[in-house]
């Protein structure tokens, strides 16, 4: 089973050539690119007022049959103005949240008591399903932006349950009969209606403005422990062209990754052995190239999916599909890897040498004699080519030397060949 995967990776390398368009079918950021979600038309606004908004990305499984394995996952964006509160709620989903910018006070109301976390940019936290929580932007001059991966418990939709009624949202308590309510609260229904459900005094929405005194009171009880951060103190990969930080949430089977690429840098061709990656652009502009097989009528061919991505865009990368990212400007993004346990990043190019973390898998793992059987060049020359890069993972994305005419002719001859086996 490894051979088709390896061949797919090798063929991806050819896609970076000058005559790329000749040998592979391409999809740009248009309607027929199932992996690209534009920030302009892929987000649905659930709530919006002068204090902030809540948006959810289009369902992955409704976008393409290729994304059916993501039917239980949704991406949620939250933004709030300074000194605001997202009213207490719970949901039939687990959340893994990342603070994109600003700071937050996040309160989790549990049977054993309430825990308030102080979160800064790039901090992450898991909210268990059914946990009542509320969220505060304590700053007086900076917006709070959060991205959440939601993992549903009751398929297929996710439902937020708010304790209180607003002009935009009804309290779920209101759904109970008066006999249930008066017995549960040990109070007459008139009092319950006046205190909980009266229209007078209702908030306009689920994001409201609050005073500095309440913020100071909650801040005194907040703690920063038991949360994880994607900050620079925990870098896993770093060089002059970029850096990467990973956090694995084993209980959720999710890999959370933060990547920064310098302008002109290239995140070299690689793939994830098992994880399906949901990439969310935080800042900057980049080009994404993804190569995968597609069945079209009775023929098989490789297809290239390209997109120029910027802030708010989302790109999904299926497991084992090779891809590369080139930074047009300084760019950073967060990604959620689904099926993360026992996942490996397989780099197809990069620094060669003895087997180790810095190596690409081709030069480190394939015998030169085998390389000679795989490619037109000699095994020794092919191995030297794969070892020619002096950096790993992040490299200079520009190479200006023109291809030799004979090399261009060889590239043209690749037209019409089939891609990976699909079965």
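Glycine is no exception: its Cβ is also placed from the backbone N, Cα and C atoms.
In Swiss-Prot, the annotation region 'Disordered' applies to 397-423, one of the ranges 370-396, 397-423. When Cα-Cα distances from residue 390 (N-linked glycosylation site) are compared across the glycosylation sites 243, 332, 396, the shortest belongs to 396. Comparing residue 332 (N-linked glycosylation site) with residue 396 (N-linked glycosylation site), their Cα atoms are 16 Å apart once rounded.
In this structure the C-alpha atoms belonging to residue 396 (N-linked glycosylation site) and residue 243 (N-linked glycosylation site) are separated by 13 Å. Fewest other C-beta atoms within 10 angstroms, among the glycosylation sites 243, 332, 390, 396, are seen around 390.
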